[in-house]
Structures are given as C-alpha cells and as structure tokens.
DNA sequence: CACCCCCGGTTTTTT
DNA sequence: ACCGGGGGTG
C-alpha cells in the first residue's frame, strides 16, 4: 500500500490497526483520505476480509464516494464491506431480524409528515385538542424522549408521577402502538429498534459483533445517544473502533447529538489511541485565521489549532448590505466579477445561510439575471404533494397495514370518498381488528356504504392488491407506470388544465427517472428498498458534480463539503446566531461552531455579509450585526466601506489572534503546549463550584432569583431554575451570579 | 355527503 | 408552498 501521499500523523493513524482509535480531524485536514486509506490498508496489508469491515458515514453520498475510492484502491472485493449511514445500516439489520421484535421485513419508514399524520390520528382517538397542544410540541417531545432512549414505559417510570405528563405519556404509548400496528418506524425508531433487537436477542448481537471486526464512524461528534450505544454494542467483542471527528464542528445538538461522545472517547474506550490532524489542506491562511478568531471564543473545547502551509490568500471580503435584496445583488456582482477576473465557473461558488427562508432573495435575483443556480434542501422535491402521494401509494402496496399512507391516498385523486365514508371504514376496521386497507376488502359488509362509494372502494382495493401481487415479479418502473395509470393521478391533473397541475405532472415523470436510476444501480432492485432509500435521502445526496450552477444551502447542509468561493450571508443578530439560542450558553456555542463550519468550507475566497434591514415574516425590520462579525479578526478583512464599523461598538474588545500567531510551526507548538494546561486545570474553576451546591439560592444579573439544580464541573456548567425564566444552563465561572443567604 | 374556493398562518438547523 | 377551517354549491 502506497502511503506516500500522507503526512506523518495521517500515516500513523492509517497504520494503527488494533484497539479503539480517535482521529481528531480539524476542518480540511484530510480525514476522508485517512478513513479510506485506513480501510484499504486493512484489506490489502493486513488481509482483513472486507465483509468484516463496517463504515458509518454521515450521508449516503459520503458513503458511495468512500465506497468508490476504496474500490479504486483495492478492487471490487470492497463490495463485501458494509458502508452507509446509521439509519441505512439499521434498516439493513432490521430487514433481516426485525421479526424477532415484532416487525416483518416489509416495514415502512415514516418521515416527519407521516409522523404528524400518525400523531393526528392518536390525537383524535385520545381527544387531545390541537389548539391546546400543537402537533409539533408532542412530535418534538417524542423525538426528544427517543433521543434519550426512553421508551414510553421508561418515560413513564421517570415522569409518571407528574400529572402534567400524563397526557403525553398516553399519547406516546398510543403513537408507538400505532406505528407497530402499521408496521412502520420513524427515523428515531430505526436506531432504537435495532438497539432493542440487540438487547433482547444477544445471539443476533453476537453475530454482528463477530462479523464486524473493524468498525469506523465518521463525524463522530454528531452521534446521539442511541448511535453511541449502537457503536458500543457492535464493537463490544473486538474493540477495533476507529472514529473520526471534530468537536468544533458539532452542529446537531438540537437533534440529540452529544458532543461528550467525542470529548470523552478516551474515557469510554480504555487504551484509546488519539491522533490529531491539525494541518489544513483546504483553505488559505486568512480564511483559517478568521475561523480560529471565531471559534476560540468557545470556552469548552478540546485543544486544537489548525495551521496551513498555504499562502495568506485574499482578504475576507466584507459587505454591509442595505437589505436582503442588496445583499443578493452584491453576491451576484461579486460572482460575475470573479468569473471575469479569475476564471472561476459557476459551480465554484456556494452561498451559505442559517435558515432555508433566506434562499428566496438570492433565487429571485439569480432568476432575474438568468444565472444557473441550485438550492439544496428547503422546498425539497420529495416534499411536493404529488411525490408524497405517490410514495404513500407505493408504501401501501408494500405494506397494506400502513393506515397513514392509506388515509393519504384513499381519496387522492378524488374518488368521492369523503370524511364520513372514511370514518365508517375506520369504525369497521377497529371493530374487526384489521387495517383500513383490509377493511376495504370487506366493504360490502360495512353499514352505510353503498352505490358509487362502494364501487370506488372496491376498485381501489382491487388496484392496490393487484399491484401488490406483482411485487416480486415485476420491474419497479413497470409497477410505477401501472400505478400512475390505474390510480388516475395523472389523468386528474390533466383535467385541471392549469400550469400548476402541469408542473405536478412533470414532477411525477421526473420521479419516474428516480425509480429508473434506482433500478439500474441496484443489484436486486425492489420496491421495498427503493422506498427505504428514498425515505433516507439527505440534501447532499442530490448533489451532482456535473451541474455548472451556483449552490445555495444552509450551513448545516454544507457540512463536509468545500468550495473555492464561499458567501457566508445574513450575519445578523437573532438570525445567526438564531434568536432561539440567545438565552442558552450551550446553544450559542453551537451557533458559533456552525459559523466555524461555514467559514472553513471556503478554499480560496470568503465573503461575509449582513443586511441593515430585512424582510422578516413580511415585516421590514432594522437589523443589528451578528456577534460573530464582532469576533472576526478585522485585520483579515476588507470591504467597500473600509473596516466593518461594527468592530468599534463592541462592548468589550475581544483579543484577536493575528495570523502571525499560527503561521510558523514554532509559534504553533507554543500554543499547543500552552493550551492543555488550561484545559486540564479544572482547579481554576473549582472555587466557583465550591461556592455553589444543589439547592443554593442565587441571583443572576438578567434572570433574577433562582435555585441551583445541578453542576457539571468538567464542563464548567451550572444548571439553575429561575423563578421567572425557567431552567438555564450557564457557565459557572463566567455567569454574573451571586449566592443569596 | 362530497367538493370547491378563499383566507390565514406558517419557517432554525434534518436523518 | 401547503394545510386547515369556514362557508357555499350540487
């Protein structure tokens, strides 16, 4: 194996074979290279069977890229190895052995919309009022419980004593029962049910433990508790676990990711070896320095300092826009200028923003100028009504227990089957313990259904059953064609004769291309796998290198990607950082990491901008610049208006690391040796902790009086319940707190 | 009983 | 863009 293309640390990490290994990989430090070479090296130098290797990536796109890179190094034997996202690997495991925990191999996956529909039925059955508690509230709460790995029963054990939780517990139980009855799992269930399978069936677990002698996890900083446990289980026999990640790029706390998983890896896995990749191969010196000037404001981080051999590069281009239209106009002006002067092409540019809604202004302007662009995420193709309807049809064909999909399509297109008729079917189904679809097979017996309604129900039943019978023997594309023909969905849109309906028809045929591509690519194409794959696509998966278009996406969606020129836009208070992170230290730190991720996507040139005014929910509002702009080192920036004026009204001057501090390896090593002492010295904060204990009454400058609930000395965090502001987590050493006697 | 039109509220980030 | 509710029509 030729490892000459790797630097010393990369080589060391690649060549370390046994035991737990953590690779702390800063942005752009070549972690994908390390992962691929490590796996290729296992196969080629150490004669490990590819079937004994598991690799977990963050997106399906990353998985297929890694797959083809490994294949180019070791050849097609690599097909034997398992590589995919946590969710897709769990699906694979559950298809095989799910029946041991009550799920057949034809279970379907519910996305957030399906989840809402299922919840809505539960609301109805339990007489819960949507106006009192919006669906979303309980939807988040269920996901939160699942992120903490709490089944309804476990949740009840913990909180059952609280009468305010009773409704939720009832709902959560009903929801899980409904999913099982429908033979459906939501995203969180894919992980939890796999864990349940491992817990209840040690033989299954053992089989996988023996199989996966070498396990790899990318983006380990964004694993949640369930994923952590899965990895722990799977690596339980051989302990050959190779994880790669960067605490500074942890941006999914809100969906349960726990940064402690990476921070405490060495504690969790005794004898772990740690390698730090600190040389950046992606960005210019200026971009890197800017990133460092922002991220260093996070108090709780692992010591790490990225450096590069690259030249200083262009200064960061700063622009203060009048409003969001002016911001978009400037971006386009800059793109045109750089294409003209520096020979870039459209696909070299990416526009990164905090929220999907921000894409609008840019899209309008690109459209006006006739410039090719592509928006990742946001109003997704798969979110269109007609695509969701077709997906629901396909799910119902695969799994006729799926009442949620049934309800979605029974009267789409219109079959004169309204609320009353469906209610009658529901009553019959629940009285006879069968699915809504099966009840349609007994439609003649249902009282009050006759005439046209009866005929339509029977026709629907016949159509779906007919398609189901051909599931094994027919091409997926043939089934799809027959479905759109027999369901009459296209015909109904044709009759509308509107531009809107024509657009929907186009989408239906575009979706056929997706089916076709799946069929070509799969070894054993079947509808079940098509649905799973389609349900688990991420934004990045739709990325196509051959398109020459400017890319627009959220910073979250840009994770793991890189672009020659990046526009980081909308750097405004309340927007980025988000207004939701204002009261919460940890959330603010996560926003800062997000900013760091955005900056480090850029290779050669970075533009940052904010608008003084912005249309927000239809209101034109004055905006103030983001605290992150304040933290950026002004010496690295230039702009039309000279230096960003915001630097002058910062309340306290933040120390800026000028790029001289990290430019030479000498200085770098100073920083590296100095910092661990800071991290390893909780004594510094111990006095603050000795001042507090749980139950202490305290006052806070802003939040008023409250009581200490708990403390986390390692993280310097203290949790307090304030009388007027609820629970807050604060920095114990920094927060303006006083004890009250 | 089903269907259509109109109107208003909705958006942090996502597998 | 999509959904729900309200109200009118057939």
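Any Cβ shown, glycine's included, is placed from N, Cα and C.
Any TrEMBL annotation is an automated prediction that lacks curation.
TrEMBL annotations:
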DOMAIN    A:4-284  domain 'UvrD-like helicase ATP-binding'
BINDING   A:25, A:26, A:27, A:28, A:29, A:30, A:31, A:32  ATP binding site
DOMAIN    A:285-560  domain 'UvrD-like helicase C-terminal'
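Structure coloured by features recorded in TrEMBL.
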{"residue": "A:25", "record": "ATP binding site", "Cβ contacts under 8 Å, 6 or more apart": "A:31, A:34, A:244, A:245, A:246, A:277"}
{"residue": "A:26", "record": "ATP binding site", "Cβ contacts under 8 Å, 6 or more apart": "A:246, A:248, A:276, A:277, A:278, A:280, A:304, A:306"}
{"residue": "A:27", "record": "ATP binding site", "Cβ contacts under 8 Å, 6 or more apart": "A:246, A:248, A:249, A:280, A:282, A:283, A:291, A:306, A:596, A:597, A:600"}
{"residue": "A:28", "record": "ATP binding site", "Cβ contacts under 8 Å, 6 or more apart": "A:280, A:281, A:282, A:283, A:306, A:562, A:600"}
{"residue": "A:29", "record": "ATP binding site", "Cβ contacts under 8 Å, 6 or more apart": "A:277, A:278, A:279, A:280, A:281, A:306"}
{"residue": "A:30", "record": "ATP binding site", "Cβ contacts under 8 Å, 6 or more apart": "A:6, A:7, A:10, A:277, A:281"}
{"residue": "A:32", "record": "ATP binding site", "Cβ contacts under 8 Å, 6 or more apart": "A:62, A:65, A:66, A:69, A:218"}
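Summarising the environment of residue A:31 (ATP binding site), the number of other Cβ atoms within 10 Å of its Cβ, over all protein chains shown, is 22. Sequence-ordered, the extra residues of this chain that approach the ATP site, with Cβ no more than 8 Å from the Cβ center of A:25, A:26, A:27, A:28, A:29, A:30, A:31, A:32, are A:246, A:277, A:280, A:281, A:282. Averaged across the domain 'UvrD-like helicase ATP-binding' (A:4-284), pLDDT for the predicted model comes to 94.
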